[in-house]
Ligand SMILES: NC(=O)c1ccc[n+]([C@@H]2O[C@H](COP(=O)([O-])OP(=O)(O)OC[C@H]3O[C@@H](n4cnc5c(N)ncnc54)[C@H](O)[C@@H]3O)[C@@H](O)[C@H]2O)c1
């Protein structure tokens, strides 16, 4: 198969769909890989690195779209990109169609077979192509919180790890999923006191076993939230209710009970945020202050570290990507987890939540693939 990767064109997107390492794997499977010149600049991979990995480098995105049977990207296609997709071509990337009727219309009109990273599943009921970005965001949350805590940045002026003879800071993490665990690892590594709040008792048990007494866990109630938020120096918001907006667990009123100069890092901002006072911010202006509390609410945190993020993403996407390249649409028929990733095929929506969110008709992936 001819596998193509254009340069990302969404504002401030520096990741790339295929790293040179991933290109080598596709080439080893007997595929031809076509890369747009400059596609890897954001992660420090020049055209020479791609050529050395066995790719053919072309000048324009148009050449990539025209010459490829499968397009591998990071972000959802932009209008100029979806206009170039065609029936019989595979598109493998993040799509996030539910809130995006325009893109959905574009993909339906193109006839493309679109597999969305975010709906591919695994045997454990997880979303394996979303998890690496949650790992990055979770780890970054503590770096962001520690930086915002510094006096010159508006924070309390406290070192999370303390020093001998001076107590460390306290980090409260709301939501002990992928983001929460990764935040906890970093906070523990810095020497902070750490509490994780979750509403799932099995999850709290796992966390308790994993951290072996190095963190404390609490069941999520209003009382627990108040106590742990009021005494925290950094609060990380990391809750997720799949398919729903994040619950507003920390109200504006609660900010007045917090320490002045404390920091909230609302990682769940991409689902609306779990602090009532959160609104999305960007890497160029990541924080703002309300009632003396510093808010960090960057909606695409992994974008700050494209080198790490692109490699983590490629590690996760490669396995399924190779199946698609090796077997084409047959891979979707045989692998139910990959089939769950199918969102659009030959002008029809094949994902129920997407169809429901947009009020459009759908057809079961299995039915349309068998036809
Ligand atoms: N801002 C970014 O750049 C960025 C990057 C990656 C992920 N995210 C977001 O981070 C959030 C968390 O992602 P994740 O992968 O860790 O999800 P996850 O499903 O692994 O974990 C979510 C956890 O929240 C818990 N939870 C749900 N309701 C709760 C409540 N009322 N109180 C306490 N805990 C509760 C769940 O039990 C679960 O353990 C999501 O909204 C995700 O989209 C943001």
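A Cβ is built for glycine as well, from the same backbone N, Cα and C atoms used for every other residue.
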Further binder of NAD(+) named by TrEMBL next to 134, 198, 203, 239, 240, 267, 268, 269, 270, 298, 299, 300, 301, taken from the candidates 220, 231, 256, 284: 220
Three-state composition of the domain 'Alanine dehydrogenase/pyridine nucleotide transhydrogenase N-terminal' (4-137), taking helix and strand from DSSP: 49 helix, 21 strand, 64 coil
10 Å Cα neighbourhood of residue 270 (active site, proton donor/acceptor): matching recorded positions from 75, 96, 134, 203, 300: 300
Distance-selected recorded positions near ligand 1 (C-beta under 6 Å), from 15, 75, 134, 270: 134, 270
Cα-Cα distance, maximum over 134, 198, 203, 220, 239, 240, 267, 268, 269, 270, 298, 299, 300, 301, record's NAD(+) binders, Å: 26
Sparsest-packed among the recorded positions, when each Cβ's other Cβ atoms within 10 Å are tallied, from 15, 96: 96
